[in-house]
Amino acid sequence: MRITLQYIKLESKNTKERDMAESKAIGRSLEVPNVQELAKGKLASVPARYVRYSDRENTTLPPLTQIPVIDMQALLHPNSFEAELNSLHKACKQWGFFQLINHGVEAAVMEKMKLEMQEFFNLPLEEKQKFRQSADDMEGYGQSFVVSDEQKLDWADGFSVISLPTYLRKPHLIPKLPAPFRDAIDAYGAQLKELAIKILGFMAEALGMDPHEMTALFEEGIQALRMNYYPPCPQPEMVSGLCPHSDAGGLTILMQVNEVEGLQVRKDGGWVPVSPLPDAFIINLGDILEIVTNGEYFSVEHQATVNGDKERLSVAAFLNPKMEDNIGPAASFISGETPAKFKTITAAEYFKGLFSKELDGKSYLDLMRIQN
């Protein structure tokens with residue numbers, strides 16, 4: 001028994017060390033100017049590097065078009081479970097996005113996260129710069145996916161951190177934050193991880209697969225938080241707060257922090273503006289879920305627009321597999337009649353490839369497709 005326990009401890013230590021090494025090596029993003037400070041300068045026009053559209057074609061669908069709404073309490077109640085599970089299945093197959101109400105995350109935990117996040121972005125630049133991204137890292141204060149000095153930039157600043165597992169936290173980031181902010185991240189991250197696993201379990205049931213086959217990929221996985229700050233812009237129609245893309249990870253849970261809207265979802269060739277419901281989360285499926293379900297569910301492009309007069313804040317929680325896990329179609333979706341549509345590679349390989357490229361629609365997922 002003693003030898004077995006020592007072996008388990010050694011394996012656990014080796015896994016942690018491997019995860020730490022691989023998470024440090026997955027990517028980098030170049031340092032860029034701080035947009036919040038640019039906006040404070042009362043610019044008459046946008047600097048050229050931020051101009052993405054001179055004549056923007058941005059077809060929005062009628063205001064009555066909205067992403068579906070799913071009720072978590074209805075999923076948990078036996079009398080409404082079947083109907084709500086069917087609604088969830090339709091939302092995932094037809095939209096890849098939905099709002100989740102009655103989700104069970106404590107209101108106080110959500111409000112504390114909003115407050116601490118706002119206070120962080122209100123800090124003087126020199127204080128925020130203590131948490132800036134280093135030249136060889138994707139985490140910290142700055143912009144992600146900046147891979148060249150010629151690349152167009154988003155009209156936004158962000159603060160990205162790995163929140164779970166705690167042993168992957170960079171010592172100069174979350175541990176150095178003010179205690180109230182650390183506590184907010186701890187409580188918020190823990191409750192969102194629990195919520196995400198529940199959602200994935202229900203998705204598995206809707207798909208007719210073993211729920212464990214789905215949740216096992218994510219239960220010990222990596223949760224990352226990205227806090228987004230979109231300053232007011234003098235020419236909002238010419239820039240992107242976040243350029244069109246699909247999320248590369250597993251499941252994304254977004255919380256709107258203030259009342260300013262900006263998220264848009266691609267649907268039927270146009271863009272659907274999302275009007276967040278009070279206290280709801282916005283859930284979207286990432287590329288990894290499209291791969292795992294062999295295309296039964298799919299990720300969807302979305303973008304963030306900015307406001308001419310007001311700032312917008314949001315925080316996204318991303319749930320991904322462990323770095324040593326394989327990412328590929330689950331066995332439930334492969335048969336002689338239905339071959340694999342995507343390659344199988346390790347999560348470490350997957351994310352290294354992702355972070356070496358600029359965000360561009362679903363182009364990275366396309367690289368994972370098996371060409372027949």
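Counting starts with 1 at the first residue shown.
Quick reminder: no glycine exception, Cβ is built from N, Cα and C everywhere.
Here Swiss-Prot has H245, D247 binding Fe cation, and the candidate from H212, H302 in that same listed site is H302.
Other residues of the chain with a Cβ within 8 Å of the Cβ centroid of H245, D247, H302, the Fe cation site, are L242, P244, S246, T252, N284, G286, S299, V300, E301, Q303, L359. Within 10 Å of the C-beta of R312 (2-oxoglutarate binding site) we count 23 further C-beta atoms, all protein chains included. The binding-site residues under consideration are H245, H302. Their Cβ neighbour counts within 10 Å are lowest for H245. DSSP gives H302 (Fe cation binding site) a strand state.
Residue counts for the domain 'Fe2OG dioxygenase' (221-321) under DSSP, helix first, then strand, then coil, are 9 helix, 45 strand, 47 coil. For D247 (Fe cation binding site), the Cβ neighbour count at a 10 Å cut-off comes to 23, with all displayed protein chains included. Taking the C-alpha positions, the distance from R312 (2-oxoglutarate binding site) to D247 (Fe cation binding site) comes to 20 Å.
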